[in-house]
């Protein structure tokens, strides 16, 4: 690997070992003689493969040192003193010692623990650290003896102060690495680990250390850190765990054939197939498959946000979110996207983001084949098929598939509107609604159609618009074979056939097929007219009414007839006009068979059969079939004459009377 300019290249692990071999072996070899050390700067220059090689070499050297006097059935003697802890290794039973290895000298540098053994993470917890890391300083140790000597400077307690025999020597070295290669478990003391590893296979503890050393290189287990790294601080956990771990074996799920290194991980996984949820919330009776999920869920009820940012006074439920947020303030390591230069605090977030550019969607739904960029998105999507709605509102009982939907829904009950527009002061319950609203002020339309260049403020509007170009209408009605571009429009249409009107007005009892129609109808009772014309101040109950009205001021007539060139301000007016050319009369009276080009004409006609006169004068009580007739009649009471002759100034209450009067001036004869 080429060295960066101005920095020295680290020595190769193999070359360092070769140099060690030249030393005088007659003086006796210690582990320190074959140990290889790197500084922090040198360690950072090594790539991943070189770091793995380093660990291989260190383990190989250790195997050579211990094999000189250690094998199955041999006796070992330990000599311990207050000044140092050492081991004498005999070549055979009864022979004199050939070498002395000082455990206090044998240690692995900090970068190794951090990079090669990522699960340890150099955590600083209690003085009795289950991964043999000093709790007060950041120095790392490979053996328990090193840790005890180091802790004497900071802590008077020595939880397992005893003579260190050869098995402890072997187990202590193995602890950091080997427990990640087998089942992934960690235990508070070396003896616990040795007992744990021996029990599943039926062998006695301390019976064979050479087999454990060989496990480093067997079946490439070195590269398998373990799938379930459980940290146990009590011996009873070891006893429980002994019955579920297999040395070198895998536990396979009979449903999906996924394999696990530990049986309790398999048991936990199988709850996905069985649907079993052992941990139940005492507040809402919702159950979970994992205890950690229950603990996180309970925070929803308490409203607790234990992780608070001191700079911005923002609080978080999860520690990971808090750490992620803090990186924005501290300006920590940022991972940059090569395509758009966007930066991220975590490399995993960058990898997920890059799928936007590559189009990769590695997570596919087994039910419908839909794929996603993130596993969490797939997990949420699968609830559509299962019908699971785990997040329930304690006020009204309504349930949701996603927790943020529940949080947003709760604001309906509390009336909370935490997101306020800085331009107009309008507030919103959701941040996404505020962002969309702010585009009205900024004029931003970030979603542009590639076909025609038309842009939109909302992504949903762009998707709806695209169907105009593609002509894609995948949702077809089974009754009339009419097709639609969106599923919810089909559902609304099907209510025409079923007669279903699920949205009912609480004031007058009138029901509607669409919720939007009910909202618009309610404005009749409340008198709300939220859409106001900036030109004349006239207001409307519907946005479409305002758009159509504005065309009176602008003179815009965007809808043109292809037959005669006549243009209209409304699409409905064009459709009605085109029936003049086609002769189409789709609205037929069931009583007499007469047909009409407009539905309003049919409704008015049917009142002739039924005798219905729904429009009544408030002054005299006279009823009328048509609303226009009522308006004309009311002018008798008000004296209003809106139609004035431009020639003589005479005015009339009806337009037809004005037309007839004009013929007096023009001398036109009908």
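All positions are counted from 1 along the displayed chain.
In case you wondered, yes, glycine gets a Cβ from its N, Cα and C as well.
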Quiz item: Can you check which of 12, 126 Swiss-Prot annotates as phosphoserine?
Solution: 126
Quiz item: Pick from 263, 319, 398: which does Swiss-Prot describe as SUMO2 cross-link?
Solution: 319
Practice problem: Would you please say which range out of 217-239, 447-469 has the annotation zinc finger in Swiss-Prot? | Solution: 447-469
Quiz item: DSSP helix, strand and coil counts for the zinc finger (587-609)?
Solution: 11 helix, 4 strand, 8 coil
Exercise. Output, ordered by sequence, the same-chain residues six or more apart from residue 319 (SUMO2 cross-link) with a CB under 8 Å from its CB, or 'none'.
Key: 307
Self-check item: Within the zinc finger (531-553), residues counted as helix, strand or coil by DSSP
Solution: 11 helix, 4 strand, 8 coil
Self-check item: Contact ranking winner - 391-413, 447-469, 531-553 against the zinc finger (475-497), Cβ under 8 Å
Solution: 447-469
Practice problem: May I have the DSSP-based helix, strand and coil counts for the residues of the zinc finger (447-469)? | Solution: 11 helix, 4 strand, 8 coil
Practice problem: Could you pull the average pLDDT for the zinc finger (363-385)? | Solution: 86
Quiz item: Could you count the residues of the zinc finger (503-525) that DSSP puts in helix, in strand and in coil?
Solution: 11 helix, 4 strand, 8 coil
